[in-house]
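A quick write-up on the structure given underneath.
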């Protein structure tokens, strides 16, 4: 696979990630007249259970008080956080294992490369189905099934996109992502600023990022790619802080519900993947300039 092919695959992966993020953030996307995307798809009777929706549109005052009081109890918050981070740890371990397998098995890589668009955009389907299921507000084992399918397909897409890149470059991007995520986590826990008030702005940023990803296929020039990647890192850094603050409890404008760990894990995993892919794209572009 030539360098041109590698660049095309990375561009396709970058284009698919904002789409996954749109599904993960479905409750924040507002249409004309203040109608949520979830309302349009599921019907107005489902709006009140949209995931991570704004308190004024999806959470009654009584429910908001309940959520705040629930998170004020250390055992409830600890149990919720343990569930969320256990799910994310399993997702990250699966992703690393699948990516390593793709690099280690040439036959698998050859098969995937022949149907690259299918594998690169395959995560969109389970992401969409999972978002639909989460929007019902009903907890079920199917949430974990769809999350697992999404994670595996996302890992295959990442493995395909990174297989032709030097292993050290991928590891460097993973290391930089780890440092960035650690720093952002500390900031989310210590800052007095409430990032959950910026959900609408962040959602608009995802839409803009998706548009930039599509423009990349038609407008030549490294400045478009670099601008899109830097914007992607900043945008999903903001989303990560937003998602982490929703789980912390306290008097935040938007709150995660303590009985919905899959929603939180899904959103945070999407943040991590987007930060990693954009950092990797920046590092790969830097390597190309050196060559």
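We count from 1, first residue shown onward.
Note: Cβ is positioned from N, Cα and C throughout, glycine not excepted.
Here TrEMBL flags 6-24, 80-102, 108-130, 142-163, 169-189, 201-219, 225-244, 264-284 as transmembrane segment.
Tallying C-beta pairs under 8 angstroms between the transmembrane segment (108-130) and each of 80-102, 142-163, 264-284 places 142-163 first. Of the ranges 80-102, 142-163, 225-244, 264-284, the one with the most Cβ pairs under 8 Å to the transmembrane segment (201-219) is 225-244. Contact count against the transmembrane segment (225-244) (Cβ pairs under 8 Å) is highest for 264-284, out of 80-102, 142-163, 169-189, 264-284.
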